[in-house]
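What TrEMBL records for this protein:
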BINDING   B:GLU85, B:GLU120, B:HIS123, B:GLU168, B:GLN208  Fe cation binding site
DOMAIN    B:68-226  domain 'Ferritin-like diiron'
SIGNAL    B:1-22  signal peptide
Amino acid sequence: MKYFIAFALIAAVCALAQAQEQTCQVDVQSACGQTANGGVSNCNARYAAIGHLEPKLQDYIQLQLKKSYEYLLLATHFNSYQMNRPGFQKLYQGLSDRSFDDTIELIKQVTRRGGSVDFSKAHDKGVAHPPEVHLNELESLARALDNEKELTNGAIHVHTSATHGTTQNREHDPEMAHYLQENFLSKQAESVRKLSGYANDLSKLVTVREPSLSVYLFDEYLQKQ
Amino acid sequence: MVKLIASICLLVVLAVVNQAQADNLQSPTAKQSSVVQDLKNRKSQTQDLKQDFLNCNIKSNAVFRGWPDMKEPCIKSMRDQIQKEIEASTQYLAMAAYFSTDTVNRPGFAEHFFKAAREEREHGSKLVEYLSMRGQLTDTVNNLIKVPSVKVTNWTGLSALEDAFKLETEVTKSIRELIKTCEGTSKKADDNDYHLVDYLTGVYLEEQLTGQRDLAGKITTLEKMMSSHGQLGEFLFDKNL
């Protein structure tokens, strides 16, 4: 019995010490005035589910960056004298700029939550290289719609992990979930809907034998958007 | 009599086949498959039937003699330069991400490098637009840009600015090489791409040189502040960046 109490006491003290060591204040107290201190590594902005969201957000950031350049190339394809579709170019240039801005916004969000973003590793998940950009007008809209859904699913994937903790880590992350809803999910819904509308409009327009004029007029319409 | 029955049977079979094909056309293809796949399916299905099909490809028969007129080595160097600008942009993105982290906490540096990343991307896409203007990039667009992985270290404010300066110096050097390539080698200057050379010299070199001067100024100021006041120097410099 004596041994058991001693053991329990030691375990309790250890657990307490463990719990205490996790805080910034303990770090600071033990580091202050010491020549060889362990630093203040617990003084960070990490809380909730950032641990398991961080790699998922890194993947999502890389996906956004790659899609940004894919859209840039798609815009370039329609800017060539042989395609010459300024409306389509404008559409895809806009999506490219948006994805680049989103990349930066996501970096800011990850680092706001105490995470970091590693650009030193090659990232090949989910994006083919070279991307498929030599497409006709309707195919390009289809491709863009698929892209937008992929980006939406990326946000949903992170959101799901933030709201439903996995088995290894049951922590929830309402802040991250809210951020994604506010800044990505509603915006993505808009752009998916818009591209779906374009794809259906144009596919009706090209059922005629000579679709050149239809596509020309559709491109003119896109320029005004 | 047998002949008549056989022919009726044949007609019925034909009608059924026809109906099945029409149904196939109307029924929406599996919802799970991607839209691209869906379109391709519809195209191939409908082309067999020769009715109501999507006419997606529009071909042009326009012919231009002697145009586009850019020279091959110059085009290749332009493409390399575009990739370099994108690499610089990604490098700055990595630096900005580093200075944004909570344990580094240098928001001034972070904003500076986010801005630099945007600028480099802009430089890259302006060169892309230039090539389009000159009649290039009609059929080899897809492998123009590859998103690179870049070098990441534990920068200090000073080392990051010095790395940025090195990077800008390299880009400047590479633009000079590009200009030389596009000036051509012919004595009669037949292959001198005057317009591109002027654009690169007037716009790009101008930006590079003023950018380098700006960085050099920042480096000396920060270096002076750090040599007398160490961490306080970097802290104050960051807040005023």
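Even glycines carry a Cβ here, placed using N, Cα and C.
What TrEMBL says about a protein is an automatic prediction, not a curated fact.
Listed in sequence order, B:GLU85, B:TYR204, B:GLU207 are the same-chain residues six or more apart from B:HIS123 (Fe cation binding site) with CB atoms under 8 A from its CB.
Excluding B:GLU85, B:GLU120, B:HIS123, B:GLU168, B:GLN208 themselves, the residues of that chain whose CB lies within 8 A of the CB mean position for the Fe cation site are, in sequence, B:LYS84, B:ALA88, B:GLU119, B:VAL171, B:TYR204, B:GLU207, B:GLY211. Taken as a whole, the domain 'Ferritin-like diiron' (B:68-226) shows an average pLDDT of 96 in this prediction. There are 23 other Cβ atoms within 10 Å of the Cβ belonging to B:GLU120 (Fe cation binding site).
Counting only residues at least six positions away in the same chain, the Cβ atoms of B:GLU168, B:VAL171, B:THR172, B:ILE175 sit under 8 Å from the Cβ of B:GLN208 (Fe cation binding site). Its own atom aside, the Cβ of B:GLU168 (Fe cation binding site) has 21 Cβ atoms within 10 angstroms in the protein chains shown. Cβ contacts within 10 Å of B:GLU85 (Fe cation binding site), excluding its own Cβ and spanning all protein chains shown: 25.
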